[in-house]
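K.L.:
Among the features that Swiss-Prot reports, active site, for OMPdecase activity is placed at Lys314, Asp317. The UMP binding site annotation in Swiss-Prot covers Ser257, Asp259, Lys281, Ile282, His283, Asp317, Thr321, Ser372, Gln430, Gln431, Tyr432, Gly450, Arg451 and rests on similarity to another entry. Feature annotation from Swiss-Prot assigns N-acetylalanine to Ala2; the stated evidence is similarity to another entry. Summarising the annotation, Swiss-Prot assigns phosphotyrosine to Tyr37. The phosphoserine annotation in Swiss-Prot covers Ser214. Annotation source Swiss-Prot lists region 'OPRTase' at 2-214. Swiss-Prot lists 215-220 with the feature region 'Domain linker'. Taken from Swiss-Prot, the feature region 'OMPdecase' applies to 221-480.
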Amino acid sequence: MAAADALLGSLVTGLYDVQAFKFGNFVLKSGLSSPVYIDLRGIISRPSILNQVAEMLFQTAENAEINFDTVCGVPYTALPLATIVCSTHEIPMLIRRKEKKDYGTKRLIEGAVNPGDTCLIIEDVVSSGSSVWETAEVLQKEGLKVTDAVVLVDREQGGRDNLQARGIRLHSVCTLSTVLCILEQQKKINAETVERVKRFIQENAFVAANPNDSLPSVKKEPKELSFGARAELPGTHPVAAKLLRLMQKKETNLCLSADVSESRELLQLADALGSRICLLKIHVDILNDFTLDVMKELTTLAKRHEFLIFEDRKFADIGNTVKKQYEGGVFKIASWADLVNAHAVPGSGVVKGLEEVGLPLHRACLLVAEMSSAGTLATGSYTEAAVQMAEEHSEFVIGFISGSRVSMKPEFLHLTPGVQLEAGGDNLGQQYHSPQEVIGKRGSDIIIVGRGIIASANQLEAAKMYRKAAWEAYLSRLAV
């Protein structure tokens, strides 16, 4: 037992060291503010810990003397854990899809399904037990028996009892209380943190009234989250999180649209105004004297002043073509642009082509959901389709170019062009709205300003004014 305790202690501290256990203030999916967040997705990049977790899950099942024929991991974090267990111990594995595909086999369960077999469910973390139960229901519809589930961490918020009431025994490698005890003993966290987390657990249990009810989730109307809080949401893309954090740090939600034709002017704008902005948007194909050396200088300035570079390319072709446009040609956009954007018109292939290039480089994309020009066709069902496409490709798409908030998911960013301090328009159909209108009333996150700053006699003062107006509109929105 002492050896097992030492092994568990080593695993828990190892997981803490790779930030799988985070303590602070985190907004959960339900809208609750939690003092602890468990995120095991990162262990896929740490084979030693991944293997250790998988083996401890298997040993937990062995110690409980569970009889089973197959294993199914709850998508998605538990999938690699289930794969290692099955591969190491030569056990047949099943994969549950989150949604049925409209092509191929169209099955929700992949693998050799033998009705009457008993399937063991593997999960990383259990709160209410809903994720385990959803997987069990799908397996049972295929004629499989589900009697047990093993989990790395039981958050002790009612999941064990809820599953027991539905005929599923939950076996955990450890509970959250055990994690707290180990980390306090190792001086990773203090007693105050331990008490805060324990109080949260006690006050936020998920308990169903009877076994026939669907498993509960805490319902709470989420309030407007700060940029900083949104950066820490588990579903926020790393590029979006980076942008949100620097917005919070610099207190700016201003994107400068530097639509200039000379590289020298572009670099001067970036250097002079970089400290006031969160994003620099450019059209690289209108630079008369483009070179990759200019882009190197621009990325150096971006690091110095802490802003991201957004190439306003508006890709709108088939996947294979946009892939070549993104990574190759004269501009080699993927090598220097943190963000690009694309139209939804070509269908999901445009995103798939871009993400083949961008994902390995830690880049991201915005979809054009609405436009600020008069007579735009990007409205209604087109906008809805763009939102759906973003949700289906959230591993690469981090938000939208839009005139207003088109998605209620706080993980997505909304950037709005056509902003001036006073509403109006130009003779080419551009329509302008004020920062207060765009941020305060329409729910956008970032204003995109070009001529309002660049055409000003004092560009720095103009940038300060736009930054102040947009940030104050954001703060007012938080206060509502």
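Just so you know, glycine gets a Cβ as well, placed from its N, Cα and C.
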K.L.:
Which of the three DSSP-derived classes (helix, strand, coil) applies to Tyr37 (phosphotyrosine)?
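P.N.:
SS state of Tyr37 (phosphotyrosine) = strand.
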K.L.:
Please tell me which one of the recorded positions listed here (Tyr37, Lys314, Asp317) sits closest to Ser257 (UMP binding site), measuring Cα to Cα?
P.N.:
Lys314
K.L.:
Looking at the recorded positions His283, Lys314, Tyr432, whose Cα is closest in space to that of the residue listed as 'phosphotyrosine'?
P.N.:
Lys314
K.L.:
Based on DSSP, name the secondary structure state of Asp317 (active site, for OMPdecase activity): helix, strand or coil.
P.N.:
coil
K.L.:
Which residue, out of the recorded positions Lys281, Lys314, shows the minimum number of other Cβ atoms inside 10 Å of its Cβ in this structure?
P.N.:
Lys314
K.L.:
Per DSSP, His283 (UMP binding site) is which: helix, strand or coil?
P.N.:
coil
K.L.:
I'd like to know which of the binding-site residues Ser257, Thr321 has the most other Cβ atoms within 10 Å of its Cβ.
P.N.:
Ser257
K.L.:
Below 8 Å Cβ to Cβ and six or more residues apart, same chain only. Which residues does that give for Arg451 (UMP binding site)?
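P.N.:
Expected: Gln420.
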K.L.:
Cα-Cα separation of Thr321 (UMP binding site) and Lys314 (active site, for OMPdecase activity), in Å?
P.N.:
13
